[in-house]
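Heads up: the structure comes next, in structure tokens.
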Amino acid sequence: MPGGMLVRGDGDDSNLHHNHEAAATSSAGPMIKIDVAYGSAQHQLFVPSHSTVGELKKQIAEETGLEPDKQRVLFRGKEKEDDVHLSSAGMKDKSKILVLENPTGKVKKVEEMANVEEKVEESIARKESKVEEIKETEEMSKAFAAVGRVRKEVDKLSERVAAIEVAVNSGTKIAAEEFDVSAELLMRELLKLDGIEAEGEAKLQRKAEVRRVQGFHETLDKLKTRNSNPFHDSNKAASVTTKWETFDSGMGSSTAPPPQPMSSSTKVTEEWEKFD
């Protein structure tokens, strides 16, 4: 070489290759072959001897498609944990291991799917509950409005009943048709109330309006009776007695007044009184 240095060229390439192998061996350990049995299939893997079981699982996953968290690695009948080194576990070159699918992995996947389904169902339930609340609110609003319309009509009919009551109390004779028409109008409003579906406060309002209409019906029945029989009220009826009523001293007596002295112009015949 330039400068007078002599370098021996024999075996330079082989020494360089040996040095690379030595470096690889010192850093990751020697490569060993592991025979893997998974189901009915057999696989051969080459891994550094200093690898962990977890690292071995990654290579198994590449060969079998089975995810590492779903693998159970058994060596000499015992399951090995992920953090254990192959050399510590006793695995050497040409060692045989058995790989099983971890059932807990399936259970975990099923649980995850179940959790997703549960969340979806909860979301749907919340939406349905919200829709139901909106529906109930709308139905309640409709019930309030329906009861309110009936209340306005009953207010008008209450004025009509009040007018009839004033007339009857004053002694005015009312046509029977007036009572029948008023009762019919009240009955229509009662049927409207019966057809209203209501809950909560709306139901209470409907019930109060029903009682109100029933009260007007009872009032009409009483007024109709008084109107058809004006002497029904003992306070205002004329007193009828069997007493003799005269314009003389016999008034108020239950017996006929005594006979008056007969004048010369009268003649008594068989106790009958005849007047000239």
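Placed from the backbone N, Cα and C atoms, the Cβ positions cover glycine too.
Quick caveat, the model's predicted, so the values are computed rather than measured.
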Legend entry - Matching range for TrEMBL feature annotation, region 'Disordered', among 1-30, 61-90: 1-30
Legend entry - Non-local residues, at least 6 beyond the ends, that sit with Cβ under 8 Å of the coiled coil (110-140): 197-202
